[in-house]
Amino acid sequence: MLLEDIILAYLRVYGQTGTGKSYSMIGYGEDKGIIPLICCELFNRIGRNDDNTVTYQVQVSYIEIYNERVRDLLNPKNKGNLKVREHPTLGPYVEDLSKLIANSFQDIENLMDKGNKARTVAATNMNETSSRSHAVFTLLLTQKRHDAETNMDTEKVSRIRFQVLWI
């Protein structure tokens with residue numbers, strides 16, 4: 001089962017400008033980083049599902065934190081400062097953050113590319129196009145199982161967060 005392998009994951013990288021954080025997490029050209037490799041394997045496993053009582057849904061969100069402001073990188077209309085809230089049992093979340101459905105690995109690549117193009121960048125002494133923000137890319141994987149005997153559905157949800165911090 002897919003969700004028995006992934007329940008909750010959180011991966012964070014941090015370091016000085018030019019140390020390879022973006023390359024490690026996102027990759028460049030044909031060299032895929034950790035995020036695309038994990039997403040590709042996720043959709044490969046979903047594609048191998050032969051149990052017709054089980055369905056999967058993948059949702060994606062992508063935020064930037066820059067100068068203490070939170071921006072939704074996947075929704076250009078939402079240019080304001082989003083609010084970070086705390087849910088008593090689920091923990092921190094970003095209010096009004098868009099979650100887009102990805103039906104394939106290609107959808108993930110397109111959404112990552114869209115979000116990366118919207119990030120804040122500026123030149124530094126070490127890197128001409130250095131990102132000046134923190135970024136959090138989140139996958140929300142939902143597994144639904146239908147029990148024909150009871151005609152009931154059960155649902156498992158897994159959240160995978162990838163965080164890149166620039167210092």
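Note: Cβ is positioned from N, Cα and C throughout, glycine not excepted.
Taken from TrEMBL as is:
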- Gly15, Gln16, Thr17, Gly18, Thr19, Gly20, Lys21, Ser22: ATP binding site (BINDING)
- 1-167: domain 'Kinesin motor' (DOMAIN)
Discussion item. I'd like to know which of these binding-site residues, Thr19, Ser22, is least surrounded, judged by other CB atoms within 10 A.
Written reply: Thr19
Worksheet item: Out of these binding-site residues, Gly20, Lys21, which one has the fewest other C-beta atoms within 10 Å of its own C-beta?
Response: Gly20
Worksheet item: Taking all residues of the domain 'Kinesin motor' (1-167) together, what is their mean pLDDT?
Response: 82
